[in-house]
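Database features, via TrEMBL:
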COMPBIAS  A:259-281  compositional bias 'Basic and acidic residues'
COMPBIAS  A:294-315  compositional bias 'Basic and acidic residues'
DOMAIN    A:44-319  domain 'Dehydrogenase E1 component'
REGION    A:254-351  region 'Disordered'
Amino acid sequence: MGTVTTTQLRSMYEDMVTARYYEERLQEEYMEGKTPGFDISAGPIPGELHLAAGHEAAAAGVCAHLTDEDTVTAPHRPHHIAIAKGVDLKRMTAEIFGRETGLSAGKGGHMHLFDPDVNFACSGIIAQGCPPAVGAALAAMKRNESSVAVAYLGEGAISQGAFLESLNLASLHDLPVIFVVEDNDWAISMPKGRISVPQDGSKRAAGFDMPGVRIDHDDATAVYEAAAEAVGRARDGNGPTLMSVQVHRRMGHFMGDPETYRPEADQQRHQERDSIERLAADLEAAGVDEDERETIREDAHARVDDAIEWAKDQPEPEPDAALEDVFSNPPSGVTDEDPTPEFAGNGGADR
Amino acid sequence: MGTVTTTQLRSMYEDMVTARYYEERLQEEYMEGKTPGFDISAGPIPGELHLAAGHEAAAAGVCAHLTDEDTVTAPHRPHHIAIAKGVDLKRMTAEIFGRETGLSAGKGGHMHLFDPDVNFACSGIIAQGCPPAVGAALAAMKRNESSVAVAYLGEGAISQGAFLESLNLASLHDLPVIFVVEDNDWAISMPKGRISVPQDGSKRAAGFDMPGVRIDHDDATAVYEAAAEAVGRARDGNGPTLMSVQVHRRMGHFMGDPETYRPEADQQRHQERDSIERLAADLEAAGVDEDERETIREDAHARVDDAIEWAKDQPEPEPDAALEDVFSNPPSGVTDEDPTPEFAGNGGADR
Amino acid sequence: MSDDEGRQATMSTAMVEAIATEMRDNDEVFYMGEDVADYGGIFDSTDGLLEEFGHDRIMDVPISETAYIGAAVGAAQAGMRPIAELMFVDFFGVCMDQLYNQMAKNTYMSGANVNVPMVLTTAVGGTYSDAAQHSQTLYGTFAHLPGMKVVVPSTAYDAKGLMHNAIRDDDPVVYMFHKRLMGIGWMPAPDGPKTAVPEEPYTIPFGQADIKREGADVTVVTLGLHVHRALEAAAKLADDGIDVEVIDLRTLVPLDEATILESVQKTGRLVVVDEDYRSFGLTGEVISRVVEAEPDALEAVERLAIPDVPLPYARPLENRVIPDSDDIEDAIRKTQP
Amino acid sequence: MSDDEGRQATMSTAMVEAIATEMRDNDEVFYMGEDVADYGGIFDSTDGLLEEFGHDRIMDVPISETAYIGAAVGAAQAGMRPIAELMFVDFFGVCMDQLYNQMAKNTYMSGANVNVPMVLTTAVGGTYSDAAQHSQTLYGTFAHLPGMKVVVPSTAYDAKGLMHNAIRDDDPVVYMFHKRLMGIGWMPAPDGPKTAVPEEPYTIPFGQADIKREGADVTVVTLGLHVHRALEAAAKLADDGIDVEVIDLRTLVPLDEATILESVQKTGRLVVVDEDYRSFGLTGEVISRVVEAEPDALEAVERLAIPDVPLPYARPLENRVIPDSDDIEDAIRKTQP
Ligand SMILES: Cc1ncc(C[n+]2csc(CCOP(=O)(O)OP(=O)(O)O)c2C)c(N)n1
Ligand SMILES: Cc1ncc(C[n+]2csc(CCOP(=O)(O)OP(=O)(O)O)c2C)c(N)n1
Ligand SMILES: [Mg+2]
Ligand SMILES: [Mg+2]
């Protein structure tokens, strides 16, 4: 188990059980009003919902090395990453419920969570979070700061131009960025073997002169250790790393996904591999016993229940708020006194 | 010299001296009216002009293996490739001069040469010729034909999404396509080391489970031999190959390029490496002596001079022709009798 | 069908039926897209096709829109007739160069030496809180750039006929189907799009708008989902004696100016309803065509569209910006003397 | 300047001067693009900047528009103020997702929790036979999608003031400079764009159109290159006693509707001249805004734009489709009683 301390194990466990319970609770809330007949427009949570049960190790193991100053960009399946990065759980939940006090005042929803306090952002377009993460790393380099950036993507995203171009740009300037592929074997209904060669996303690194590392079992401790090296390399100015972590998709691609395309045995297999139980075993070995773990879980569950409770109590936004926030600034681009020198006022007028 | 026959050497030589002389003659024509003051809108050839002197080996060595049924897509610097592929020289030249009888009736110009008779096309957008080449290969596979497709690109294009995504798609289905990177060290003013890692484009193959081969001297015979393998592999259904061929940029990026960014020594070096002289030596060794080569050159020059002469005699298009050819078909999409069944005529009307 | 006789079908069924028929008739037709095989299309656009045609002709593809849509361009130029699906039109930004600089322009740039017989199918529209990156129609964005025919069916009947025409067409056709109209189990459609649909193939030529309801007092020009919202508004207004004509454009390129003009000459009043952004788009185009051709025909005009904001997530916000039948009713009332 | 006193500068000099000043004042400003360093920008957009600021702040980048423009988005969200150049606007299709789904929407999607203070500079326009993939303006394409401020200078004076404002603005600004106006050695500009330019910094707020010539008989609304072509036409028509007002929009988003309306109320006649495609674009928008706000103000209207074809290569063809001053003159005459 090398470098990981008990405190870190405990903290990862906390993130992971929080994330797992969060997704289970959201699933319940979401399906309310959508059962028996699934109508995407019914129930307390609007829109699509992509839950990440089974992905927790990839989030916790990497984010354990990050501070608020580090940037993370997440894809369409972002909750577990947001939780591990320390995004405000209440305001995130309010956003998912479409409330006025949500992170984005109800404008963004679950694929568009932005928390600038911890430098977290996401995007629903495959791989398009990669270039902005590279940009955050570029900013850190230019400002001579030691912060790093992490871009998460699914294994389905490893054949998208935005990701591949980002590898070159990051490697070229030795930027402090880590690409983390969460490999859950599936891109909606498409098994990875049907859409990518090689199937292991970390192999893409070979064509871009950067290290690629594969963690082929979703073991938080193993992820933690690989990430220690990758984040360390980035902070030391030694450039980017591409990681691919095997995770599992315990639920459908989105809520309501009938998964008719998915063999039962595969579903079974994904249920059986539980990174949380695995980490529990590591904790046990480190002397954190089931009682203590139970306490961690209870605290986590309480935090989640609280957040959901709070979110559901929040007001919906006023309809006219929809017309605001296209720009942060007045459209004219002028916030303070017009700094135009005197004679320029009529300047353009007569050429 | 392995597999290459004297006939093939001779034929490559013919393509290469044709292409070289073609570019030299176009340069003369283009600069006419643009000297001393360079005005891009003056002179007999309109628009931008990207000439390929120094790139000939990459075109001749690969296209030597192709038939008219095979597809080639070229980038913004296409003439030498078009010539090696057997594009109609007269109509191509007329197109470059913007004439009515040009390949595209004057609508396309030098970056948009299309000759469906030999399945040649080009595009001025970096790397965007790659996906259509993959598509031609896909069509061949679906139709059970043995034709192959070749996509040419510059070394500056190896970090563009369209190229990288194409590698995956081609490799995934073992498509009969060959990607040929013409590496002339420069992307306009940017030396390759400034914009790509690794600098050798063929290394990109490693991340996509496909063979990458580098020909690091612009030796037509060496290109021929590498291409024999790549094209053979494609025709045999064994999938794509990525080739990177070192070529030289003997002229500016486009005509009028002051090349102030370019060290004199580099210009010098590119002038000194002459693939045509190199091939001449191979021909000499194969018993094709200078007299015979002189004849080949003279014939080639005559063909080029003829084409240019012819092109300049062609009429300019009528202005109103600009309004035609947006669609090949009537906008309604209906060419023959309306096959709408009787009762459907009023079908939509009342819902 | 002039009444409701005959087999009723959802829009997705009708669309898929046309594709299947064309695929049976012509080996050169094939379909590429994400989740189009085993899943049958996230919005049922290929439902059931895998079973009949197999993975070779109903091809799942990598999440590489530039590569596979560009491959469709290449296959089309080689003479095949591919259909490529862009799962949501909102993703156009990752592959737009292939769409507009290659697919749409190659015919012109080659002096029609080359043509590109392909169909791009794509899901459009909001109303289910999918937020700014998954709810747009982008009608104006596609209609603005020359070289693509742009088709937007609003009923099953139209969807089938337009799809037959799209596949047979020798030029690139962008076929935009509104998610809310497809009749997907989990996204209930309004009543209108499910119509009688003949079993045999038929085509609907492009550039022929369809008068979905005749009326004398005001012309509503619209398309897609908003045809049905306009018809709803019209039904309500009929009780108040306002007789609304509803024109369904069906295709944006070509645009059936004649039908619009004829109607406006009759009614003198025009409301254009669009689910795309308001400025620099469809509403402005339709109004200008009328003003240009018939400077004196218009006594009143209203435009109704997304008020130049991205699509918001929360329901009250999304409802605020997508015109509903009440908004249409209000706009129509404003045009009345 | 109300007359030609003061230092005369080309549009590129003025634009570069504003960038240099902002870079001196603010370490967070940097410039990324292809061939912007040693070359100085293919269209002189960064001419001379490398010498003062070095390769770290005037960064050549890989030909990976999605990656580096997306990196600008990320750096901007981190609080820097990047300027990213898209060499030709025609290449937008390879990076549009970053531009419109991230850069333009992140502010809204975050409820303005986040903002994106960046400038996208890009060269637009034809007139030199660069054909369909290198000659567009795409004004309407960018103005249609919410979240970007869209700036199109037509003179050196405006170019400088608008650039200062663009860099200081906390939101994404798309700054479109017309190649033919820059004053590049190898592409002679018309006379108009070279103007007097103060050495000190000044800003021109967005959303303020500029009346480049006052007149009583007809309003010409235009932008970019066509400001100068319209002024040429106006000069010719003055001899015939037709008094033309020429409005230079300067920014498309925000659009200065007030100035247009005021002018049209005076003249009653409107000609909109655009170098973008005719349909679903600028001409329709301007006309509709007028018709909507002032249904009775217009006695005559003309729209002049690229007639919905890609840009052709050969000179007679390109001349046919890009409006020139004769075309503008004709259009104006048609509006006269
Ligand atoms: C450019 C783009 N194409 C397609 C989609 C639709 N889409 C959303 S999620 C998804 C599958 C993603 O699979 P993967 O990257 O493996 O992530 P996972 O969902 O398995 O976590 C697809 C195709 C999209 N959002 N963006
Ligand atoms: C997507 C895109 N970005 C930028 C350009 C502008 N451009 C044209 S050629 C060129 C350099 C290409 O370099 P390389 O690929 O090495 O080819 P070479 O010109 O050296 O033959 C660039 C940047 C373009 N045409 N398309
Ligand atoms: Mg996956
Ligand atoms: Mg090069």
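One is the number of the first residue shown, and numbering goes on along the chain from there.
Note: Cβ is positioned from N, Cα and C throughout, glycine not excepted.
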Counted with DSSP (H/G/I as helix, E/B as strand, rest coil), the compositional bias 'Basic and acidic residues' (A:294-315) has 20 helix, 0 strand, 2 coil
Tertiary contacts of the compositional bias 'Basic and acidic residues' (A:294-315) (same chain, 6+ residues out, Cβ under 8 Å): 10, 13-14, 17-18, 21-22, 25-26, 29, 44, 89-90, 92-94, 96-97, 99-102
Chain residues outside the compositional bias 'Basic and acidic residues' (A:259-281) and at least six past its termini with a C-beta under 8 angstroms from it: 9, 12-13, 16-17, 20, 54, 56-57, 184-186, 189, 217-221, 247-250, 252-253, 290, 293
Average model confidence [pLDDT] within the domain 'Dehydrogenase E1 component' (A:44-319): 97
Counting by DSSP secondary structure, give me helix, strand and coil numbers for the compositional bias 'Basic and acidic residues' (A:259-281). 16 helix, 0 strand, 7 coil
